[in-house]
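Just below is one structure, and these are the notes that go with it.
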C-alpha cells in the first residue's frame, strides 16, 4: 500500500487563501475523480435519548448545564426507533443514524443499542450511531451487531477546543475514533463552523481529520445553529462563502470521503446549498429534525434535488433491497406530477 503523504498546516492554509472560484474548480475536479457528481447520499438522524447530557459543549441545547427549554427524555424503546427507521426508509434514506445525549453509553444500555442496530440493518439500511465515548468492548459489541458507521466529531482545532468543551479532552475523542476503527466500524467525524474559531482553526480541524491513520469515510461539516440559552447563542453569523470554502477544502484534502452538509442547512438558501454541492458536498441529512435543531423539510430537499439534477444515492447493503430508493429516484426525475411532489410520502 502506497504511503499517504501527511498534510501540513501551511498547505491547508494555502487552500483556504485561494481565490474562491479557483478553489471551487479544484474541489469539483477532485470530486469528479472519485464520485458521480449527481449522486447524493441521504441519511436520517434520530435522537434516541434526548437532553440531560452532563457535558458542557457550549453549542449544544442538550446539555443539562443550559436552560434551552429542551425536555429530557429517556432512551427510546427499540420498537419506537425501528418505526422511525421504517419511515426514514420510506422517505428515501439509505442510512439511519441514531444519536444519544450522554457522555458514554452504560453497560445496561448496550443490549438495547445492539437490538436497534440489528433491526435497522434488517430493513436494508446502513446503521450509524453517535453515543459519545466508547470502550473497546462497546465498540466491538456494536461492530458485532452490524454497525456500519460511528459518528464522533472533533468539532474544531485542538487549539480552540478548550474554549468550547472542558468535560471531554481532544485526546479522548481521538482515542474513541481509534477504538471504532480497530473494531472494524467506518468512521464519521467532522466539525462545526461558527463557534468563534479563526480560519486557522478550521484549517487545524481539517488537518486533524485528514491526517488520521485512515481519514473518516464520512465528514459532516456543520454550520452552528444558535440556540437561545446556550453560551454561543449570540455568535456572529457564518459568512456563506466561508462555509462553502470549508466544504471545498475538506473535499480536496479527503477526496474519497463523503462530505456531508449537516446542521445549519435550515439557515442556507438554495443557492448556498447548490454551491456546497459544487464544492464537493455529497451527503445530507434528510428530514424535519436534526437531533433537536430544525432541518429543511423533506419536500424542499426533493425540490432542490430536482432543480439541480441530483439523485439520491442507492446503497448496497447486506440485508434488504433498494426498491424504495429506486422509486424515490424515479419520482425525483418525473417533474410536474403528483408522484414527484409527494415523493417524500412514497
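Counting starts with 1 at the first residue shown.
Glycine is treated like the rest: Cβ placed from N, Cα and C.
Source: prediction; values computed, not measured.
According to Swiss-Prot, 97, 128, 188 bind [2Fe-2S] cluster; the candidate from 32, 38, 251, 260 that the record adds to this site is 260. A gap of 25 Å separates the Cα atoms of residue 260 ([2Fe-2S] cluster binding site) and residue 53 ([4Fe-4S] cluster binding site). Neighbours of the [2Fe-2S] cluster site: apart from 97, 128, 188, 260, residues of the same chain with C-beta atoms within 8 angstroms of the site's C-beta centroid are 43, 45, 95, 130, 149, 151, 218, 220, 283. Around residue 128 ([2Fe-2S] cluster binding site), the same-chain residues six or more apart in sequence whose CB sits under 8 Å from its CB are 43, 95, 96, 97, 98, 147, 148, 149, 150, 151, 188, listed in sequence order. Reduced to three states, the DSSP call for residue 188 ([2Fe-2S] cluster binding site) is strand.
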